[in-house]
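As structure tokens, the structure follows; a few thoughts come after it.
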Amino acid sequence: MAHKQTTTLDDFGAAPAADKRFRFVISREQRATWLPLVALAVLIGYFAFKQHAFVSGLNITVMGAQAGPLLLISLGATFVVLMGSIDLSVAAVATLSAALGAVLLQTFGMSPGLAFVATLVLGAVCGLVNALLSTVLRVPSFIATLASGSVFTGVMLHVLDGSALLVDNDAISEIANGQIIPMIPNVLLLAVLAWGALAVANSHSRFGRYIVAIGGGERVAQLSGIAVTRYKTYAFMLSSVFAAIGGYFLLARLGSATPSLGDGYLLDSIAAIVVGGTSLSGGVGGASRTILGVALITVLSNGLNVCGVSPFTQEIVKGVVIVIAVLTTIDRVSLQQIVK
Amino acid sequence: MSLDKKDFPRRTLLKAAGGGVAAAVATPFLGGPTMADPYKTATFHQLLLLSNEWCTIINDAAHRAADVLGLSYKATTFNLNDSIALTQAQAAAAAGERLFLTNSADGSSLRPISQMLGTVGGYLVNVGSNLPWSSPIEDGPAFTQGFIARENIGFYNSVKCMLNQAVKKFGPNLKILHITAAKGAFVDNLRSNAVHHAVSEFPGAKIVGSLPGNWNAEDGQKATEDLISRYGIPNCIVAQNDGELTGVLAALRGLGIRAGDQVLTCGIDGSTDILRAIKSGKVEATCFQSPAYHGIQATARLFDALNGYKPSAPERFVGFTGVLVTKANVDGVLKRYVDNKNLPFDPKLLSHVISGDKWDPQAPLVPIKYEDYYASAGIAKPAGWQPPAAYAQSIQDGEFDKVTQRYQAAYKLSLEDFDYPGFKG
């Protein structure tokens with residue numbers, strides 16, 4: 001699959017002259033890669049200058065522990081966004097996975113390994129449900145995953161009976177918080193390994209290239225002989241499986257499953273994917289970039305806290321930074337001209 | 001206070017009494033509820049957030065109390081959004097429901113709900129937040145009771161207890177981190193003031209940093225991690241509720257810091273996992289505010305209102321102080337309130353209508369003075385604010401003090417009687 005992932009009117013020599021005036025010297029692809037890095041460097045520099053504790057070993061470990069679950073949840077969802085759909089059920093799947101894991105560990109005394117496998121199966125089932133709604137029943141992914149997320153939340157509330165469930169086992173905490181490599185929490189190590197694998201799969205496997213093709217133009221991809229339904233199903237399942245893994249590590253990190261465990265992860269994951277440079281319209285970006293978005297969201301959130309910025313101001317700053325990051329990375333002109 | 005007998009025509013009473021006798025005779029054979037039925041019944045509707053432990057316990061206790069008192073029961077979850085609560089209350093009232101228990105997030109739905117209920121003959125009890133400087137009296141007669149936990153006292157006790165232990169362990173100079181809640185919320189202000197009040201009594205103690213934990217464990221965990229990153233390991237951490245405290249403990253565990261040894265912690269509410277953490281020595285103190293009492297007491301008030309009990313002005317805004325829980329009494333609290341299948345309070349004894357002179361609040365319930373309560377949250381009195389006339393009159397003519405004394409005299413079954421086996425409901 002060629003690197004040009006969207007077909008625009010530019011390709012037919014029809015780009016308005018006015019648009020050309022606003023083209024930057026560097027290409028959109030370069031901007032999407034480098035500007036999040038520049039933004040990240042600026043933020044790190046600013047926070048380090050404002051508060052030296054920001055770059056302490058302890059805080060770097062803390063940020064790693066906070067970023068790990070978000071990266072896991074965002075990685076799988078990136079493929080859904082990349083194919084031009086969206087998965088709004090990731091936070092619900094993560095919470096349901098944590099709830100199931102807590103019940104299996106605490107109530108049934110299951111081993112952490114078996115409980116983890118069970119959450120993987122749960123994730124696959126949730127992804128299959130989303131895929132069926134989206135591909136077989138042809139419900140737009142926005143509605144399908146919003147609705148399925150509500151169903152998963154309801155199931156989770158039944159599982160937890162509306163209350164928090166403590167997992168009274170310090171060993172479970174080690175799964176996420178332990179450090180095989182000093183200063184790098186296990187949850188971050190796993191997330192980075194998964195990121196590496198998915199980034200390679202994204203750019204060097206048939207699955208990854210087909211997902212990009214579907215995002216660039218589903219109809220064209222179908223006419224080219226790509227089994228669109230099958231690959232969309234894979235992407236939804238991948239998204240839910242990684243959400244479930246993220247949920248399991250959230251459980252391990254907190255030591256208890258609460259109904260609000262996944263709150264905030266839906267918006268954070270979408271923000272991380274888009275800020276990283278994956279276009280919501282599909283076909284542009286990929287898992288390799290999502291790590292930048294996750295790093296930016298985590299650094300911003302942690303840095304504002306460590307620098308003692310008022311919680312009210314934090315909300316304003318986060319919103320402004322995300323908008324600026326997206327404005328500087330996505331190609332708004334081609335978004336208007338995409339032929340799909 | 002009066003039991004308005006006009007609501008009980010003789011024929012109705014005789015009919016009900018006949019039904020009551022029949023039910024009383026039949027119950028032992030049928031195994032049904034023990035409540036005879038000489039009283040009015042209606043559907044009792046709860047508007048709660050059914051996805052946290054606090055509300056789940058209120059819901060369960062109120063449901064079982066409603067069964068005991070012969071009320072049918074429904075519940076909806078309003079996701080801590082008062083506009084949703086209002087919509088749900090309107091829909092339920094349209095369906096003929098008349099008794100409502102709310103756990104209002106900010107108090108904004110209370111007046112419209114009570115005004116709506118005033119037009120259809122229903123009643124409301126709120127066990128959640130109130131709009132600052134508002135009163136159930138002003139919101140109309142349908143708002144039969146505003147119920148609060150006296151957190152300004154309970155949380156103060158919890159923090160002070162922890163600080164006393166910390167001074168013994170670390171000396172007088174204490175570095176404290178404070179995990180607050182959603183900034184600007186009334187209850188957050190109330191609890192923060194209680195914390196500052198307690199800390200002010202320890203000259204060497206200082207709150208070096210605070211961040212919001214937004215009432216939940218995940219945000220409490222992140223806030224704790226970020227604060228420790230900036231300020232280092234503190235001597236003490238105060239969490240604005242036990243949900244956040246769960247996150248504080250997780251953060252300490254993740255950072256390899258020993259809770260209860262290197263860092264002392266405290267909270268408020270009395271959630272199950274924190275009670276167990278007190279037992280294991282990881283948490284110093286919490287204030288147990290019995291969500292079950294919130295539910296059962298409110299159900300009894302609604303039952304009484306339905307059956308003609310007219311509360312006096314001081315009885316329309318009441319509260320109680322919870323139990324300070326430490327390692328010394330946590331076993332008792334777990335025994336009566338957590339590991340007990342029975343209701344920890346007797347709903348019939350909580351009903352004025354059923355129990356009459358034997359009425360027992362079963363908690364140190366007291367009428368609340370609006371000025372004291374709202375001022376304790378640090379919220380300035382609005383210009384020109386005047387207390388409701390009936391309330392002001394009750395202060396002036398001594399009725400407020402008489403009600404206070406009567407409640408104190410009626411209080412028999414102690415909140416700290418941990419041998420009470422509970423009510424089978």
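Backbone N, Cα and C define each Cβ position, glycine as well.
TrEMBL does not curate its annotations; it predicts them automatically.
For the transmembrane segment (A:32-49), the residues of the chain that approach it from at least six positions outside its boundaries are 26, 55, 275-277, 284-285, 289, 292-293, 295-296, 299-300, 303, 306-307, 321, 324-325, 328-330, judged by C-beta separation under 8 angstroms. Here TrEMBL flags A:32-49 (among others) as transmembrane segment.
Per TrEMBL, transmembrane segment is recorded for A:61-83 (among others).
Summarising the annotation, TrEMBL assigns transmembrane segment to A:90-108 (among others).
Annotation source TrEMBL lists transmembrane segment at A:114-133 (among others).
The transmembrane segment annotation in TrEMBL covers A:140-160 (among others).
Sequence annotations record features per position, and here TrEMBL assigns transmembrane segment to A:180-201 (among others).
TrEMBL lists A:234-252 (among others) with the feature transmembrane segment.
According to TrEMBL, the transmembrane segment annotation covers A:264-284 (among others).
Only sequence-distant pairs (6 or more apart) were considered; of these, at least three Cβ pairs between the transmembrane segment (A:114-133) and the transmembrane segment (A:234-252) are under 8 A, so the stretches are in contact.
Across the candidate stretches A:61-83, A:90-108, A:264-284, the maximum count of CB pairs under 8 A to the transmembrane segment (A:180-201) is reached by A:61-83.
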